[in-house]
Structure formats: structure tokens, C-alpha cells
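Positions annotated as transmembrane segment by TrEMBL: 6-25, 53-74, 80-102, 109-128, 148-168, 189-209, 229-246.
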Amino acid sequence: MGEWVIGAFINLFGSIAINFGTNLLKLGHNERERHSVLENEGMSVKIPLKPIIYFHTWRIGILFFFIGNCLNFISFGYAAQSLLAALGSIQFVSNIAFAYFVLNKMVTVKVLVATAFIVLGNIFLVAFGNHQSPVYTPEQLAEKYSNIPFLVHCMILVLVVALHHYIYRRGALLIAVSGQDLRPYWHMLLPFSYATVSGAIGSFSVLFAKSLSNLLRLAMYSGYQLHGWFTYSMLLLFLSTAGFWVRL
């Protein structure tokens, strides 16, 4: 069995754990709101919301979310990022079951059809996708990060993210102001801008996580010392992008 198969299975379990944890986090917030409504019934003074950390469901959700991300990080050392990033769409499949059983939400026919296409795409991806995951030295990785096409791509992406972040903040401000009648296109533009920023930042966190996983693998098999400037740079970039993505 190839290493990419191990990486794919680890990534699948990690993605499902992340999705399960996310649904538990949502359930915890729902319980918090419901608990607040019950406490404020018949009260003249509104009681502040109880801190979310006190809810058991939310704490379990954080645990699953953390374990899932650790599994995904480990999987980057065994399979190509292009393969694993697409396999992450399994979250949309598992979300159907979790949304139905955990959050008691209805599953529509459109969702089932979309999920079927995701499964079909994953089958083709696993069958014909890149299965290689070469190990690069820090010098080779630094060379890849400094090539002109990648730098141009980063500059364009920064501009796109800044533009869509501004659009989202502008739309959110208009919604927050009472009496503002938003034009119909804002209802489509707001979620699109949010998804654009989240996807762009999230994809870079995956890239830096893959680089860190590569360095760990290099250290295990060739005695590479991790306390170099490149390792710390990748760690800082990963924590920055991942932290921003989680905060979204």
C-alpha cells in the first residue's frame, strides 16, 4: 500500500472529525442562545450570555476540531497537497449526516445531488490525481516560494482578499445600521466575499502546513535540524494564516 493511501485515509478521518467538531460548536452556540432565552423569560433586566466555554458540547467540539486538524497536518507528510485539498470536500458529505442528526436540520434534494457530484469528483481525483509526495530540502522550498510566478500570484491574491474584505465589512456595516434597505445584489455579494477571503487565507494555511509537514518528514528521515530560519518562518506564517482563518 502506497504512502499516499495512508495520507488519504488520515486526511479523510481528519476532515470528518473537523466537520463533526464544527457542528458540535454550532450546537453549543445554539444551546447558549436557548439557555439565555430561558433565563431572560419574565426578567426586566437582560442577563448577559453565559461564556461559551461553560457548555460541554462546545468543549467536545473544540477537541474534535483540534484532533481533526492534527490528523490533516500529519496527512500532508504522506500525500500530495493537491490530492488532500480536494479530498477535504468530504466535509460537505459528512456535513449532511451531522447536520441532520446533530443539528436536526432538513436535507434537501439539491444538497443530495450536489453531494453526489462531490463523491463522483473525489472518485476521479483518487483514481487519476497526483499520488506523489516528494520531500524537499529547505533550500528547494525557499526557491519555490521565491519564484516569480508564485510571487505575482501572491500579490494578486492579496489585492483580491483586501477588496473582498472591504466589500464584506462595508456590507456588514450597512446591515448593522438600522433603516438601511440593502439592494438585492448585496445578499449575494456578502457571502461570496466572505467565502473568497476565507478560501484564500485557508488555502495559504494549508500550503504552509504542508511545508512544515515536509520539514518534519525530512527531519525524521535525514536528520535535518528544525531550528532554522525557514522552519520558524513557515511556523509563523502558518499560525498567522490559520489563526486569521479560524477567527473568520
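Glycine too: its Cβ is placed from the backbone N, Cα and C atoms.
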Winner by Cβ pairs under 8 Å against the transmembrane segment (6-25), considering only 53-74, 80-102, 148-168, 189-209: 53-74
Tertiary contacts of the transmembrane segment (109-128), as residues 6+ beyond its ends and Cβ separation under 8 Å: 8, 83, 86-87, 89-90, 92-93, 96
